[in-house]
Every structure is written in structure tokens, then in C-alpha cells.
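Student: Handing you a structure now.
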Amino acid sequence: MSPPDRPQRLVEQDRIGGDAAEASIRPLSLAEFIGQRQVRENLSVFIQAARGRKEALDHVLLFGPPGLGKTTLAQIVAKELNVGFRATSGPVIAKAGDLAALLTNLQPHDVLFIDEIHRLSPAVEEILYPAMEDFQLDLIIGEGPAARSVRIDLPPFTLVGATTRSGLITRPLRERFGIPLRMQFYEPEELQLIVARGARILGMELTGEGALEIARRSRGTPRVAGRLLRRVRDICGVAGLAVVDAAAAGGALTRLEVDRLGFDAMDRRYLRCIADNYGGGPVGVETLGAALGEQRDVLEETIEPYLIQQGLLQRTPRGRLLTDSGYRYLGLPPPATPARQLDLLGGAGPGGGTPEGEGEDV
């Protein structure tokens, strides 16, 4: 099944169809923004300092897993500074002319937000360096012997870059951001406040316990929490429930196959495949992809991260391996310790692995 045809998951951290509705419940100021305390406090200080000096805020790099509020925070920065906001993404800026058009239309101190900034092409990055450092744009006009260099002065501006893969950002680009900020997963109590706020905006009567039930199943991600909240509203609304409590919210989410830990049917199918078909691993990701009918990048980017974060899955040099917690989650007894140690040290395991260096898909 190709990625465009793959069923969308409610617990997907990346944007999916229907997520446009989340804009209606986004916070509009740092005071309304819940969670990310250190990021908020630091940004507040830097914004106050920039406003006091009547200067553009230094360039900001927001990095972390998807769905944690990087776009929302960029919009809030512009609102707190009381300046204009322009948004684009790395893949959209295909050539230097596209970037030049964006930069030359900025007003003094405006915020330019580039999502997926790690996907900028090298040619565009080269143009961006002097724009960020000196607020100047160096362009080549014409071709061949008639080509000439033109320098355009730009108004001071703030570039806010966002990425889920900070390791792919080149070092020269990374060093030009004066304010790098890492976004962390949210605690259930923080997500409970976010869910409760969203319910109020949506006109939904949700108890505190109901909000916490949704929060616990949201994978530490506000985007997932908002998505689950809207689906709970749909199910409970059709059922005629005026007030949604923990039992009603839990029942709705169980109906959607999202369990108390935030795992869905695809997560369980993945874990079951390793346990039942490959003796708990180690097994290569290409083999798993073939068994599940999924591409490697789908497994690595959308399924495995949360399983690893929760301690149910381990990546080893020989492939994927269920942890003791993974076995217990499936209701299975963990294997004997000596066999597990042999797998981790590279010995032949129940997954039928090959000696290190001969495997094709770890």
C-alpha cells in the first residue's frame, strides 16, 4: 500500500486531513500557551528585550517532534512583537527567486516562518546566509558573460525556522540562529489543560476526568489531543450525551481503537508481528515492512518512535527487538534473560537474523 493510500491514524503526530480545525483552538499569546515552560519563559524575556530596544528579535530555531506547537509558537512570537507574519515551508522555496520574493516583501521587524527548514535546497541556503546575518540579498542577474551581481538591502526581520529533524540542518545554517529552542513532549496534566481549553472553545461539556482520559491517550502531543477531542465530541454528541466524563471519553476512544497508553491498532499489529512471527526479534525493518505491507520510512517515522519512547521496542545492530515491557503489554511472558543477552550481543536469535554486516535492513 502506497503512502497516499495508507489509512490515516488518529494518533498520527504529523498533520492529516481534518486538522485544519485545530486552528480554531490555538492559543493566541504566550500567556494562553500551555506547557513548554522553559521555552515560554525564555521567549518572553527575548521578546521583551527586543521590544524595549525597538529591534528585530534574533532568529529563532524551534525543533522537536511534530505536533508540539512550533507553528503556533511562531505565530505567537509575531503577535507578541506586534509585527507581520509570513509563513512558508522548505520544500515550497524551490529556487533563489522564491526566497527573494518573500524577503523583499517583508516589513521592518516582520516574522518569516519557514516550516521544515531542513528541506531547503543548498542553493537557497546560500542566499539565506547573508540575509540572516547582514540583512542583504545577493543575487546573480543574467547568464554567461552578461551576468552581474546585485545586492539588495533588506529590512531587519526575524526568521523562525521549525524542524522535526534538527540533525539534517547544515551547521552553517544552524549557527545563524541566535535562539535555538527544543520542544519537549507534554505531560498528561499539561495536555489535560489543553483539552479542557479546547472543549470550552468547542462548546463541549467535558469533566476534568474526561479531559485527563483524553490527555493520557494523546501521546504527549497537543495535535493528537485536539484530534481525539473532536472525535470524542462527535461520538458522544451522536449518542446524546450532554456531559462527557471519563467513562464516556474512554469508551469513545476505545471504540476508535486507541487504548489507555495511546497505542492504536497499527501499533499493536506491529508488536504482534514481531512477537508472533519472529519470536520477539531481532528482525530487520525491511522484513517487517514486507510482512505488514508498509514502507520502511512509514515504520521508522510514524510507528517506531513512540514505541521506542515508551520502552516497548528496541533498535539493535541486528534489528528490532521487543523489550520486556513490550511482551508485558501484549500479555506475554518475557523470554529468559540469557537468550535476550545473546541477541543483544549479536548471537543468532529467534528472528533468524544474519551475522552483523550481512543483514540488509537493520
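Note: Cβ is positioned from N, Cα and C throughout, glycine not excepted.
Pulled from Swiss-Prot, these are the listed features:
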REGION    4-186  region 'Large ATPase domain (RuvB-L)'
BINDING   Ile25, Arg26, Gly67, Lys70, Thr71, Thr72, Glu133, Asp134, Phe135, Arg176, Tyr186, Arg223  ATP binding site
BINDING   Thr71  Mg(2+) binding site
REGION    187-257  region 'Small ATPAse domain (RuvB-S)'
REGION    260-362  region 'Head domain (RuvB-H)'
BINDING   Arg296, Arg315, Arg320  DNA binding site
Student: Let me check the 10 A CB neighbour count of Arg320 (DNA binding site). How many other CB atoms are there?
Tutor: 29
Student: Can you tell me how far the Cα of Arg296 (DNA binding site) sits from the Cα of Tyr186 (ATP binding site), in Å?
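Tutor: If we compare the Cα positions of Arg296 (DNA binding site) and Tyr186 (ATP binding site), the gap is 27 Å.
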Student: Which site among Phe135, Tyr186 has the most other CB atoms no more than 10 Å from its CB, taking these as binding-site residues?
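Tutor: Sorting the candidates by Cβ neighbours within 10 Å, the top entry is Tyr186.
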Student: Can you tell me how far the Cα of Thr71 (ATP binding site) sits from the Cα of Arg320 (DNA binding site), in Å?
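Tutor: About 33 Å separates the two Cα atoms.
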Student: Within the region 'Small ATPAse domain (RuvB-S)' (187-257), how many residues are helix, strand or coil going by DSSP?
Tutor: 50 helix, 2 strand, 19 coil
Student: Closest of the binding-site residues to Arg320 (DNA binding site), Cα to Cα, picking from Ile25, Glu133, Phe135, Tyr186?
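Tutor: Going through Ile25, Glu133, Phe135, Tyr186 one by one, the Cα closest to that of Arg320 (DNA binding site) is Tyr186.
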Student: From the Cα of Arg315 (DNA binding site) across to the Cα of Ile25 (ATP binding site), what is the distance in angstrom?
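Tutor: That separation, Cα to Cα, works out to 37 Å.
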Student: Which number gives the other C-beta atoms within 10 angstroms of the C-beta of Thr71 (ATP binding site), all protein chains shown included?
Tutor: 21
